[in-house]
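Peer 1: My questions all concern the structure below.
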Amino acid sequence: MNNQRKKTGNPSFNMLKRARNRVSTGSQLAKRFSKGLLSGQGPMKLVMAFVAFLRFLAIPPTAGILKRWGSFKKNGAINVLRGFRKEISNMLNIMNRRRRSVTMILMLLPTALAFHLTTRGGEPTLIVSKQERGKSLLFKTSAGVNMCTLIAMDLGELCEDTMTYKCPRMTEAEPDDVDCWCNATDTWVTYGTCSQTGEHRRDKRSVALDPHVGLGLETRTETWMSSEGAWKQIQKVETWALRHPGFTVIGLFLAHAIGTSITQKGIIFILLMLVTPSMAMRCVGIGNRDFVEGLSGATWVDVVLEHGSCVTTMAKNKPTLDIELLKTEVTNPAVLRKLCIEAKISNTTTDSRCPTQGEATLVEEQDTNFVCRRTFVDRGWGNGCGLFGKGSLITCAKFKCVTKLEGKIVQYENLKYSVIVTVHTGDQHQVGNETTEHGTIATITPQAPTSEIQLTDYGALTLDCSPRTGLDFNRVVLLTMKKKSWLVHKQWFLDLPLPWTSGASTSQETWNRQDLLVTFKTAHAKKQEVVVLGSQEGAMHTALTGATEIQTSGTTTIFAGHLKCRLKMDKLTLKGVSYVMCTGSFKLEKEVAETQHGTVLVQVKYEGTDAPCKIPFSSQDEKGVTQNGRLITANPIVIDKEKPVNIEAEPPFGESYIVVGAGEKALKLSWFKKGSSIGKMFEATARGARRMAILGDTAWDFGSIGGVFTSVGKLIHQIFGTAYGVLFSGVSWTMKIGIGILLTWLGLNSRSTSLSMTCIAVGMVTLYLGVMVQADSGCVINWKGKELKCGS
């Protein structure tokens with residue numbers, strides 16, 4: 001039997017040595033210390049120092065450190081941080097006093113000189129880029145190596161919009177109200193302020209411009225930003241649609257075929273309808289239209305033409321004429337003043353002085369292209385001054401106007417008027433076209449006020465005009481901004497708070513009051529930012545509300561105004577007077593359409609065989625009695641029976657029948673005209689008074705005694721002429737004079753003052769209108785009939 005003990009595979013565990021070693025190794029201590037510190041354990045100073053270390057290295061703290069940081073008492077933590085600041089300041093002073101070796105400086109200079117170094121007034125100037133923000137900028141000076149620090153927040157890309165100011169020398173004091181400082185000598189610094197896309201800084205504020213409302217001109221031309229144009233276009237669309245139902249249906253069909261949705265179809269139809277009213281008869285499609293009617297034998301007619309209105313003249317045995325003032329042109333107007341509405345600034349420079357060192361100065365202050373401002377700022381140890389107090393500061397920036405507007409003076413001798421005369425022929429193409437193709441244009445200038453135009457088949461018409469616009473150009477300025485123009489009040493234009501320069505043509509413009517478009521920001525110890533306001537074009541458009549808008553084309557300006565003309569019709573002949581009356585029947589081509597002047601348009605086609613002939617046309621009541629209507633188209637005739645004829649007439653108020661033709665074959669059309677004769681009388685009277693107010697000085701001519709009576713007569717006729725015609729339309733010339741004499745006699749013999757004055761006034765007006773007719777009129781004496789025949 002083998003009694004020997006077997007060897008164990010592993011040594012047995014010593015129970016006496018099972019406890020941990022009481023003295024830790026170095027690695028164990030470091031591991032335990034760092035682990036506790038990361039969890040926030042340890043003395044407060046140690047933990048706060050570790051937090052500062054982590055922040056310098058941009059390492060995020062752990063949750064334990066954040067928890068311990070939140071548990072610190074405020075006063076104790078502040079005392080510890082103040083101690084840190086004191087120690088760091090001592091370290092900085094030690095480093096500043098240490099003399100660097102030449103080898104170390106030579107090693108640092110290539111990396112520090114990433115900027116451009118130049119001089120300004122014998123002092124060093126740094127031109128830095130965006131990458132130098134927060135870096136130490138080192139360069140050699142006579143006083144040694146100068147180290148500058150720049151922490152400007154507006155440091156951007158280099159461009160013409162630069163900022164230049166002086167960095168103060170600071171050694172021991174902490175910087176205060178400065179973003180740049182040096183340790184050896186004062187140094188100028190220049191940098192750009194543009195963004196990466198090259199855009200300049202702008203202030204979005206707009207200048208407070210007084211509106212032009214209430215200072216506009218009293219003309220029929222619509223004003224800027226008014227709703228008149230929109231309403232006129234809507235009325236044109238309505239009239240055109242009712243007059244041309246076939247084209248309206250075609251437009252509806254096209255919109256339905258092109259559009260894919262109800263909204264799209266509606267938009268397309270509206271756009272089509274807004275375009276179509278451009279095809280309209282010359283005077284029929286114009287809302288402001290005046291009728292001037294002369295009697296048999298009239299040889300001349302006085303008319304006053306306005307922009308936006310049309311005059312239709314009628315006289316027996318004379319053709320009906322549509323006359324319109326197309327445009328009033330002025331060439332090469334003199335520039336009164338230029339205003340700047342958009343500018344940019346560059347080369348912003350600031351200089352400052354410490355207290356008791358006098359006023360700050362800049363060379364740019366003497367340059368008229370720079371805008372400058374002086375102020376005072378707080379200075380002291382923290383920004384390079386030995387004394388505390390107010391120091392002088394001046395900032396200048398170069399001003400350049402980018403967009404400007406011009407105010408021009410219009411001179412009478414530079415005016416040129418274009419008048420178009422169209423004969424009412426009844427041609428179907430004339431009705432469907434508003435162009436100048438069917439009219440004849442006459443040109444009137446102050447040098448050539450008389451013009452004779454030839455009207456095909458109707459003879460010659462002589463226009464003898466007085467080239468006076470009725471506008472007082474001493475009070476009116478033609479304002480031009482980009483491609484738009486307005487007529488504005490001169491004093492309003494001169495009072496606009498915008499930078500201005502004279503209208504004289506010079507190689508270099510000198511702007512006054514540039515500060516109106518420039519904003520100087522809050523001034524700091526060594527620097528002041530300057531920004532320019534944005535474009536004022538929108539503010540100007542708003543301020544021009546109520547001004548008369550003008551259309552411009554090239555160098556010629558078209559604007560509102562008046563033109564007084566005498567139409568000499570002695571050479572005019574009426575075509576077709578010798579034709580016989582048509583005996584055949586007529587067919588209505590289109591439904592009778594009403595115009596906006598109370599007249600109707602009738603388009604008929606002749607079915608007879610005796611053309612050419614005159615078309616019988618009349619207005620009758622239910623019993624067949626001819627009523628007092630008016631035929632606008634003089635002597636309507638049929639030349640070619642294959643072509644329709646358009647006839648314009650004015651039926652009486654109420655129910656009536658429009659009769660085209662004669663006998664049993666006549667075409668009889670029922671018509672109802674709204675309104676009343678009395679209402680029309682008051683409306684025409686008010687319109688005449690308004691016309692006299694609009695014409696102003698053009699309605700008066702006090703050059704002689706005869707001129708005085710002519711002007712007074714014109715006033716009476718313009719205001720009371722229509723009312724007189726309605727009240728005494730069926731009274732003979734002798735009876736009119738008798739009524740006027742009777743009323744005047746009653747007034748002279750009345751004991752009541754008010755009744756006497758009323759009777760005398762009414763009697764004199766009645767007597768005057770019965771004997772003489774003025775203004776838009778034509779007169780001739782008929783000795784055989786003992787009557788003075790004039791147009792009304």
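Cβ atoms are placed via backbone N, Cα and C, with glycine included.
Okay, these came from Swiss-Prot:
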- 1-101: topological domain 'Cytoplasmic' (TOPO_DOM)
- 1-15: region 'Interaction with host EXOC1' (REGION)
- 120-242: topological domain 'Extracellular' (TOPO_DOM)
- N183: N-linked glycosylation site (CARBOHYD)
- 281-725: topological domain 'Extracellular' (TOPO_DOM)
- C283-C310: disulfide bond (DISULFID)
- C340-C401: disulfide bond (DISULFID)
- N347: N-linked glycosylation site (CARBOHYD)
- C354-C385: disulfide bond (DISULFID)
- C372-C396: disulfide bond (DISULFID)
- 378-391: region 'Fusion peptide' (REGION)
- N433: N-linked glycosylation site (CARBOHYD)
- C465-C565: disulfide bond (DISULFID)
- C582-C613: disulfide bond (DISULFID)
- 747-752: topological domain 'Cytoplasmic' (TOPO_DOM)
- 776-792: topological domain 'Extracellular' (TOPO_DOM)
- C779-C790: disulfide bond (DISULFID)
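Looking at the shown structure, can you explain where the listed features end up?
Peer 2: Long-range neighbours of N183 (N-linked glycosylation site) (same chain, six or more residues apart, CB within less than 8 Å of its CB): N96, N146, M147, C148, R169, M170, T171.
Around C310 (disulfide bond), taking its Cβ as the centre, 24 other Cβ atoms fall within 10 Å, counting all chains. Following the DSSP three-state reduction, the secondary structure of C310 (disulfide bond) is strand.
Counted within 10 Å of its Cβ, the other Cβ atoms near C401 (disulfide bond) come to 18, all protein chains included.
The secondary structure of N347 (N-linked glycosylation site), as reduced to three states from DSSP, is extended strand. Cβ neighbour count for N347 (N-linked glycosylation site) (all protein chains, 10 Å cutoff from its Cβ): 18.
In the three-state DSSP classification, C354 (disulfide bond) falls within coil. C354 (disulfide bond) has a Cβ environment of 21 other Cβ atoms inside 10 Å.
Non-local neighbourhood of C372 (disulfide bond): L362, E364, E365, I394, T395, C396, A397, each in the same chain, at least six residues away, with C-beta under 8 Å from its C-beta. DSSP classifies C372 (disulfide bond) as strand under the three-state reduction.
Among residues of the same chain six or more beyond the region 'Fusion peptide' (378-391), those with a C-beta under 8 A of the stretch's C-beta atoms are 168-170, 173-178, 181, 186, 352-357, 360, 525-526.
Taken residue by residue with DSSP, C565 (disulfide bond) is part of a strand.
Using a 10 Å radius centred on the Cβ of C582 (disulfide bond) and all shown protein chains, the other Cβ atoms total 25.
Taken as a whole, the topological domain 'Cytoplasmic' (747-752) shows an average pLDDT of 74 in this prediction.
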Peer 1: Determine, to the nearest whole angstrom, how far the Cα atom of C354 (disulfide bond) is from the Cα atom of N347 (N-linked glycosylation site).
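Peer 2: Taking the Cα atoms only, C354 (disulfide bond) lies 23 Å from N347 (N-linked glycosylation site).
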Peer 1: List the helix, strand and coil residue totals of the topological domain 'Cytoplasmic' (747-752) as derived from DSSP.
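Peer 2: Breakdown, helix to coil: 3 helix, 0 strand, 3 coil.
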Peer 1: If one looks at the chain holding C465 (disulfide bond), which residues at least 6 apart in sequence have a CB under 8 angstroms from its CB?
Peer 2: Y417, V419, I444, P449, T450, S451, L563, K564, C565, R566
Peer 1: Please report the Cα separation of C385 (disulfide bond) and C340 (disulfide bond) in Å, rounded to an integer.
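Peer 2: Cα to Cα, C385 (disulfide bond) and C340 (disulfide bond) are separated by 41 Å.
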Peer 1: Give the nonlocal contacts of the topological domain 'Cytoplasmic' (747-752) in its own chain as ranges (CB under 8 Å, at least six residues past its ends).
Peer 2: 758-761, 763
Peer 1: Have a look at the disulfide-bonded residues (C340, C396, C565, C613) and report the one with the fewest Cβ neighbours inside 10 Å.
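Peer 2: Each of the disulfide-bonded residues C340, C396, C565, C613 was scored by Cβ atoms within 10 Å; lowest is C613.
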Peer 1: Per DSSP, what is the residue tally for the region 'Fusion peptide' (378-391) in helix, strand and coil?
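Peer 2: Secondary-structure breakdown of the region 'Fusion peptide' (378-391): 3 helix, 5 strand, 6 coil.
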